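Swiss-Prot lists 1-54 with the feature region 'Disordered'. Here Swiss-Prot flags 1-12, 30-54 as compositional bias 'Acidic residues'. The domain 'EngA-type G 1' feature in Swiss-Prot is assigned to 81-244. Swiss-Prot lists 87-94, 134-138, 196-199 with the feature GTP 1 binding site, giving sequence analysis as the kind of evidence. Positions annotated as domain 'EngA-type G 2' by Swiss-Prot: 254-427. Annotation comment: Swiss-Prot describes 260-267, 307-311, 372-375 as GTP 2 binding site. Feature annotation from Swiss-Prot assigns domain 'KH-like' to 428-510; the stated evidence is sequence analysis.
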């Protein structure tokens, strides 16, 4: 998202969007349609069908083949520079982060210590993409949770390509500011000094003392009112190195949507995680109407949960607040990276459950299915549920299933590992060499069926994207849906990918006539 407008006014910023394309669009993945048959004339079809094809190929060789077929995988390997926003507690770091990324993601409250983790967000300024890293308030004389926060800030300082050191114009220099400035002066990383809360030109006189920190000219900024940040971003881009120091940053916190039909226990689960009554909970279906974002620290990570109202009726037949709650549930799924689908295990699986599941898979989101109210199960119901799973959830065998009780806390500790595994696979990429080794073996075991009197050849495979994983097969003819399902099954047998949909897309390479024209 381009954030240049973030410093122009106080309008509502756009929320985080989600990828929900169900159809394969070559333009989305860097393919170029051309009249030269993908510029792949150097490759003979018989070469691709050779069982030994590609065995001794290097990564560079596979990249040449991908390029010949019109595919540029560089967007999957994009390495971005990082700017870390550091400073003592309550100087306005998270507000500045929100300005830098052009949307309200970082948590902003008017008391110290709100940001407890080192969290990264993607920003786009002047056509350049980079990471903006929000940190907790740094203080050298703290213990407990605040010591952990300070440690996260130090890690950010050690891995960032540029550091923005934020001080408070209204408060002036504190002892913590001086200690931190001395630490930054010893660092080899470029530092930009930002004097935040510069809300009036009458404060120019207050800027003078910040020169004593030894970090150069302070940039007067009002993050709250969107003033001065553009100059800081221009300077950040100027100071970025050609290659980033760290290439292993993941945007976070990861976004989770709790979804399911009304009264299935979404709010109860959220409250159990949060340890507080975050949402109004009642046995009346549809108690929670609006999604409520909650940042919650579980055992391993900080997560952003969205608690939704649930779908009582189909959107077309719902009325009033139910209609808008349904629309918001769609929005929550689109905005999430991972969906936890809650199903009431004590009742038969319903059409509503199936409908919400279809929304998730159509949107291409990572998925964990939580069978709630397990404390109400008896032996007869368990037998019935096993039968329902075989009939109604057979199309998502890849989804992790956890039996829980949000009321008693049963097995809730198993949810986070399942969520992490699903997201790891949602983000995962298989090398082109591994893909084509698997493809040769799968085709040798079961060749594609004849179509129109001709046997289609599968020439080559590459992974076009992640989130969700999309595998593109270049072929000489169309592949039947049943054969694509076979390939997906063999793909999962080899590589796993539990917890995420995997899309198998086919791109037919049309044959040329002897004169070089397509037939």
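Keep in mind that glycine also has a Cβ here, set from the backbone N, Cα and C atoms.
Across the range of the domain 'KH-like' (428-510), the DSSP-based residue counts are 29 helix, 22 strand, 32 coil. Sorting the binding-site residues 90, 135, 263 by the number of other Cβ atoms within 10 Å puts 135 first. Annotated pair residue 263 (GTP 2 binding site) and residue 90 (GTP 1 binding site), C-alpha to C-alpha distance, rounded: 39 Å. Spacing of residue 374 (GTP 2 binding site) relative to residue 135 (GTP 1 binding site) is 39 Å (Cα to Cα, whole number). In three-state terms derived from DSSP, residue 90 (GTP 1 binding site) belongs to neither a helical nor a strand segment and is classed as coil. Around the Cβ of residue 87 (GTP 1 binding site), 24 further Cβ atoms fall within 10 Å across all displayed protein chains. Note: the Cα of residue 135 (GTP 1 binding site) and the Cα of residue 260 (GTP 2 binding site) are spaced 34 Å from each other.
Sorted by the number of other CB atoms within 10 A, the binding-site residues 198, 374 start with 374, the lowest. A Cα-Cα distance of 32 Å separates residue 93 (GTP 1 binding site) from residue 266 (GTP 2 binding site). Residue density at residue 93 (GTP 1 binding site): 30 other Cβ atoms are found within 10 A of its Cβ, drawing on all protein chains shown. The DSSP secondary structure for residue 266 (GTP 2 binding site) is helix.
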